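Below: the structure, in structure tokens.
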Amino acid sequence: MLVLLAGIFVVHIATVIMLFVSTIANVWMVGSSNFGTISTGLWLLCNKTCTQLSVSSRDEASLKAVQAFMILSIIFSVVALVLFIIQLFTLEKGKRFYMTGAVMLVCWMCILIAVSIYTARFTGKMVYSTNPHHGYCFILAWICFCFSFVIGILYLVLRKK
């Protein structure tokens, strides 16, 4: 049981770190141009230097929603990690990890919403770019989606042990 809890804890910390990286770094979409590689993220457009990401007025609300849900997912993931540590040492068996699992599943839902909106609205749309494709931050966000779901379910299953 201790090894399982330690493994879940390590995966949870890895998920938090990957969420930070995928939200902060500007490599959600990557393409090439005459000037080199262009990458866009949730915040900046980077070529050789980074500038403010400019989006059309009809896509601005979608980008703000993606930014907000990714930040919320980080917050919920950190809160779930703190709850895990608190519940591990304070609650008796059978009552542990309800809140941790629920908060982690809310984090999972926030990641799902953010990445789905980004996929629907921004995939393949890069200004001044040819051959756009997804960058590592987009892939990390989907990996965090999977990890947070598995961790949330495991927390709910472990409540009985």
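One-based numbering along the chain as shown.
The backbone N, Cα and C atoms fix where each Cβ goes, glycine too.
Long-range contacts of the transmembrane segment (7-29) within the same chain, counting only residues at least 6 positions beyond its ends with a Cβ under 8 Å from a Cβ of the stretch, are 39-46, 50, 70-71, 73-74, 77-78, 80-81, 84, 104, 111, 118, 122-123, 125-126, 132-138, 140-141, 143-144, 147-148, 150-151, 154-155, 158. The transmembrane segment annotation in TrEMBL covers 7-29 (among others).
Residues or ranges marked as transmembrane segment by TrEMBL: 65-85 (among others). Sequence-distant neighbours of the transmembrane segment (65-85) (same chain, 6+ residues past either end, Cβ-Cβ under 8 Å): 9, 12-13, 15-16, 19-20, 22-23, 42-43, 97, 99-100, 103-104, 106-107, 110-111, 113-115, 117-118, 122, 141, 144, 148, 151-152, 155.
Residues or ranges marked as transmembrane segment in TrEMBL: 97-118 (among others).
Here the transmembrane segment (138-158) has Cβ contacts under 8 Å with residues 4-5, 8, 11-12, 14-15, 18-19, 21-22, 27-29, 70, 73, 77, 80, 84, 96-98, 100-102, 104-105, 107-108, 111-112, 114-115, 118 of the same chain, all six or more residues outside its ends. The transmembrane segment annotation in TrEMBL covers 138-158 (among others).
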